[in-house]
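Q: Sharing the feature lines straight out of TrEMBL:
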type: TRANSMEM; residues: 6-24; note: transmembrane segment
type: BINDING; residues: 202-209, 285-289, 347-350; note: GTP binding site
type: DOMAIN; residues: 368-381; note: domain 'SRP54-type proteins GTP-binding'
Ligand SMILES: Nc1nc2c(ncn2[C@@H]2O[C@H](COP(=O)(O)OP(=O)(O)OP(=O)(O)O)[C@@H](O)[C@H]2O)c(=O)[nH]1
């Protein structure tokens with residue numbers, strides 16, 4: 001009888017020790033990374049064990065980079081989720097704002113309608129194009145084509161002139177470029193779920209974090225599931241900002257609680273979380289301070305390499321502030337040299353008459369503008385549509 005009692009006591013002690021160790025390891029994990037969850041997770045023991053196994057497998061990929069695991073914080077109470085505006089409706093609504101950025105189109109129309117243009121008129125056309133940031137090369141090409149077309153058709157009929165200008169501007173904006181954002185998840189060679197991953201880069205202040213919040217809303221409006229990664233660990237508030245965006249639409253945000261934490265680790269954990277949750281898309285924010293090209297290359301290169309250990313990076317979006325003109329163009333060149341850009345997001349197009357930068361940046365980088373930011377409102381981001389843009393310029 002006493003032996004049985006000893007055995008029972010021994011089993012209880014061993015069980016208590018195991019539970020204590022498990023709880024301790026969970027706490028250590030949460031010291032470093034945090035998953036801001038927007039909904040209350042219900043995880044069974046079996047799922048938790050499977051997750052731990054998956055974590056362990058992922059952790060073996062690169063022990064030098066992965067310093068710890070993601071853990072799930074106590075979930076906040078379920079907020080009232082917002083339903084983001086549908087994509088077609090936002091395009092309709094933002095058209096008027098797009099038109100404001102297009103005073104160039106109207107100015108060109110009025111000069112071209114004078115008919116029988118003098119060299120002074122052509123100089124005026126050139127000045128208008130350059131002032132709208134179309135860029136020298138594209139301006140020359142447009143003027144050449146306009147000269148030929150207006151001569152061939154030999155008319156000052158406003159409708160015909162408008163049509164000529166519409167055709168020529170559209171050709172420059174290039175409607176044939178593929179502007180879709182790759183958001184279709186896949187399956188890796190090992191049979192694991194691979195979310196479509198999107199890395200967002202750009203100089204601070206261009207609107208990266210805001211754009212990622214808005215982009216999450218575009219994706220949610222299209223019924224995609226999303227995880228965000230707050231790898232801008234340079235500015236502490238950026239992670240809070242992203243968490244607020246995520247909470248509003250039910251999107252989880254992976255972040256670090258350690259100030260100045262390794263951004264690559266956060267990016268890695270975000271994709272790992274996207275794999276675990278089997279979401280469609282993971283979008284990762286970065287700091288992108290332009291201290292120098294080598295530093296930027298190191299940081300972004302490392303983030304991208306580390307993300308790719310989990311799933312291929314499908315899109316690298318460069319965020320550019322449309323109001324910053326030539327400065328924006330030189331930033332764009334540096335970023336495209338250090339990391340392969342697949343698309344451009346032009347922000348603050350509502351606050352500028354320099355809509356011509358769309359043409360300039362696409363030609364310089366050979367990469368399409370995929371989204372435009374047209375205001376500070378939560379749904380003021382729209383997929384870029386060349387026809388709609390040119391119509392807005394001329395309306
Ligand atoms: N008018 C207007 N403002 C915008 C747009 N996009 C972003 N902004 C504003 O630009 C400011 C900077 O945006 P952030 O998202 O904090 O910029 P960031 O690039 O993430 O900056 P860092 O985190 O410092 O790297 C904010 O006040 C945004 O509201 C836009 O399309 N139109």
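Note: Cβ is positioned from N, Cα and C throughout, glycine not excepted.
Heads up, TrEMBL stuff is auto-annotated, nobody curated it.
Provide an account of the burial state, proximal residues and distances for the features listed.
A: Around residue 208 (GTP binding site), the same-chain residues at least 6 positions away in sequence with a Cβ under 8 Å from its Cβ are 200, 201, 202, 232, 285, 286, 288, 319.
Counting same-chain residues at least six beyond the ends of the domain 'SRP54-type proteins GTP-binding' (368-381), those with a Cβ under 8 angstroms from any Cβ of the stretch are 82, 84-85, 90, 94, 97-98, 174, 177-181, 207, 210-211, 213-215, 217-218, 245, 248, 317, 343-350, 358, 361-362, 389.
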Q: Under 6 Å from ligand 1 by Cβ, which binding-site residues from 205, 208, 286, 289?
A: 205, 208
Q: For the binding-site residues 202, 205, which one has its C-beta crowded by the most other C-beta atoms within 10 angstroms?
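A: It comes out as 202.
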Q: Other than its own, how many Cβ atoms are within 10 Å of the Cβ belonging to residue 289 (GTP binding site)?
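A: Residue 289 (GTP binding site) is surrounded by 14 other Cβ atoms within 10 Å.
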